[in-house]
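Trainee: The following feature annotations were taken from Swiss-Prot:
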COILED    449-483  coiled coil
COMPBIAS  366-383  compositional bias 'Polar residues'
COMPBIAS  578-588  compositional bias 'Polar residues'
MOD_RES   TYR224  phosphotyrosine
MOD_RES   SER368  phosphoserine
MOD_RES   SER371  phosphoserine
MOD_RES   SER379  phosphoserine
MOD_RES   SER384  phosphoserine
MOD_RES   TYR392  phosphotyrosine
MOD_RES   SER419  phosphoserine
MOD_RES   SER422  phosphoserine
MOD_RES   SER426  phosphoserine
MOD_RES   SER507  phosphoserine
MOD_RES   SER545  phosphoserine
MOD_RES   TYR554  phosphotyrosine
MOD_RES   TYR563  phosphotyrosine
MOD_RES   SER580  phosphoserine
MOD_RES   SER605  phosphoserine
MOD_RES   SER639  phosphoserine
REGION    1-124  region 'Interaction with gamma-tubulin and localization to the centrosome'
REGION    245-374  region 'Interaction with PCLO'
REGION    253-424  region 'Interaction with PTK2/FAK1'
REGION    254-376  region 'Interaction with ARHGEF7'
REGION    363-425  region 'Disordered'
REGION    375-596  region 'Interaction with NCK2 and GRIN3A'
REGION    375-596  region 'Required for localization at synapses'
REGION    420-475  region 'Interaction with MAPK1'
REGION    429-629  region 'Interaction with IKBKG'
REGION    578-615  region 'Disordered'
REGION    646-770  region 'Interaction with PXN and TGFB1I1'
REPEAT    132-161  repeat 'ANK 1'
REPEAT    166-195  repeat 'ANK 2'
Amino acid sequence: MSRKGPRAEVCADCSAPDPGWASISRGVLVCDECCSVHRSLGRHISIVKHLRHSAWPPTLLQMVHTLASNGANSIWEHSLLDPAQVQSGRRKANPQDKVHPIKSEFIRAKYQMLAFVHKLPCRDDDGVTAKDLSKQLHSSVRTGNLETCLRLLSLGAQANFFHPEKGTTPLHVAAKAGQTLQAELLVVYGADPGSPDVNGRTPIDYARQAGHHELAERLVECQYELTDRLAFYLCGRKPDHKNGHYIIPQMADRSRQKCMSQSLDLSELAKAAKKKLQALSNRLFEELAMDVYDEVDRRENDAVWLATQNHSTLVTERSAVPFLPVNPEYSATRNQGRQKLARFNAREFATLIIDILSEAKRRQQGKSLSSPTDNLELSARSQSELDDQHDYDSVASDEDTDQEPLPSAGATRNNRARSMDSSDLSDGAVTLQEYLELKKALATSEAKVQQLMKVNSSLSDELRRLQREIHKLQAENLQLRQPPGPVPPPSLPSERAEHTLMGPGGSTHRRDRQAFSMYEPGSALKPFGGTPGDELATRLQPFHSTELEDDAIYSVHVPAGLYRIRKGVSASSVPFTPSSPLLSCSQEGSRHASKLSRHGSGADSDYENTQSGDPLLGLEGKRFLELSKEDELHPELESLDGDLDPGLPSTEDVILKTEQVTKNIQELLRAAQEFKHDSFVPCSEKIHLAVTEMASLFPKRPALEPVRSSLRLLNASAYRLQSECRKTVPPEPGAPVDFQLLTQQVIQCAYDIAKAAKQLVTITTREKKQ
């Protein structure tokens, strides 16, 4: 626990003397100024604790000091040791530099962008590389070399990697070898102490069987780290995990007679909000609990920060962290909810924590929901029996009545104005917080629906105006085509259609090229005989593709009609096969399809051109032609043959896979924006893997035609995306590559994948509701 080492400790980021904070996940010590930047990055980048004023498990503090003294900082500053980097102007921050922008930019580049970490020479296949690194980590944790394991983790090794041959995770190996510090490092990077091996034994079992009882007890504490931290935040006590794993504080106020009405909200709305918390799925409840855990960490660090800083110089708006930073791995909705936790006052936040602890205990023990009125009556009876000696009680439970609070945190907890009672109810106080959050989300959704309705109305007006213009131009075009002479007798509609498609002498011309919408390049196949106005109506779509992906994926309950006007039959659901004459891949048809794919958003005023030989195909049909010509469809599409299966996966699973697809597409789009064409191939492999996993959720032969159509489009687009991305590598060295055209094709394929995924989410949600 001592901070004194064999050599003087300095800040890892600016070399300031006597650092007071530690970054647990990076294994370095930092000064106050640099710590303010670390806190603004978020726990997903750097987990910080004060060395003297925060509560530390002894082995965790020993792990941090071991890494710091053994040069863990060189992992994050590897390239700065290269003289070439010094000559290029890249340098480390100094203590005299300003926090903003010099220190902050350096720290963000160092830990968030990993700009100075040693890069592996070959990154073509990230999946194979990560697997090899994880196997090295699996072998290294049996030794005491922490720096090697941290270096492997920084390069992408997985702390929860399950070795396929040995049937264990790295934490199993560290527990068996008694490597406590290695186990601490693995847990910091997400290793699960309760994960079973191939025989169902956990790392805790390994440690006990090897005689490492202290390590086994520490792993149990790590397994209950979340609930222990929440309980310790409220009352300064933790369960000993021998008599029980949970302490459930209860709000109380002994100094007032009307304590129950002031400490608990007994309204019907509060009871409904409590029931909604209990009705959450395990995954959503875990996410909520982790978000509250991060908020507890932020508030505790805030309290230490305000107690230790010189308020006249350091405590400024820039150094403060008023809410949880954005985590790009989470959805926008979850990030907004995480930031709103900072608006809870102390009493509201304590009530939310009690509810989470009660619900966690109930779920872990498998108890059924109890009546809230029974709990309230029991709480009221216990409240009337309390003495009136203190305003605030320490909190204990029936399963841990003999444990004393930690001495290092006792003084801090006594200064908190919290009202606690000794109780071990499996159901805590009813709170309004969940109801308020849902109410705010509902108001936001309603406002968005109103806005979309207005946009829909304006687009409908614009559509009608365009239809009138098209009819007018069509009439003028017909007049210009008529040769001078006697007026011909009126013809039937079918004859007029033939006259439009046929020129003098029976020769066919290209049909009128319509202005393809930039919002919906993937237009569906249209039936014959439709007017150009109808075709434009089916092709118009009011939103950009990126908006469509975000709103459609994460707001699946909003009616699809509010997002777009386009309706029609997709290319994959046309009742004729690719081998039919309608979809025959002639040379000119292929060239025309390629041209339409490249100029999908361009408009042309040449109304005298007609299409030769090809029916009215949308862009989606053209892409279907290209796939048939180039690759004769991917074999994955053939797997959809077989008996009809009416089953559908759960909406939750489909949304999870869709989020993974969207995340990989966003990574590909970032690479395109940054002109990182060498990243196209690995990104397309990730997208193809995510698409394959998503398609595997559905039956081989779905009964619903829309599902089959969407799956065909999803698989075909993913396969075409791979083919386009492989074109970044020229077949011959030095051969020119049109990266601008290639990028357009890649973005188009990515859009088609996102659209197909959105359709599957919408269909699954609709079918599950019926």
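Glycine is no exception: its Cβ is also placed from the backbone N, Cα and C atoms.
Since the structure is predicted, the reported quantities are computational estimates derived from the model, not experimental observations.
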Trainee: Non-local Cβ contacts of TYR224 (phosphotyrosine) (under 8 Å, 6 or more apart, same chain)?
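Mentor: Same-chain residues close to TYR224 (phosphotyrosine) (Cβ under 8 Å, separated by 6 or more) are PRO239, HIS241, HIS245.
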Trainee: May I ask for the residues of the chain that lie six or more residues beyond the repeat 'ANK 2' (166-195) and have a Cβ under 8 Å from a Cβ within it?
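Mentor: Residues packing against the repeat 'ANK 2' (166-195) from afar: 24-25, 27, 47, 57, 59-60, 62-63, 66-67, 134, 137-139, 141-144, 146, 149-150, 153, 159-160, 201-204, 206-207, 209-210, 212, 214-216, 218-220, 222-223, 225.
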Trainee: Per DSSP, to which secondary structure element type does TYR224 (phosphotyrosine) belong, with helix, strand and coil as the options?
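Mentor: Looking at the DSSP assignment, TYR224 (phosphotyrosine) belongs to neither helix nor strand, so coil.
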Trainee: Over all shown protein chains, what is the count of other CB atoms within 10 A of the CB belonging to SER368 (phosphoserine)?
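Mentor: The answer is 5 other Cβ atoms.
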Trainee: Taking DSSP as the reference, which of helix, strand or coil describes SER368 (phosphoserine)?
Mentor: coil
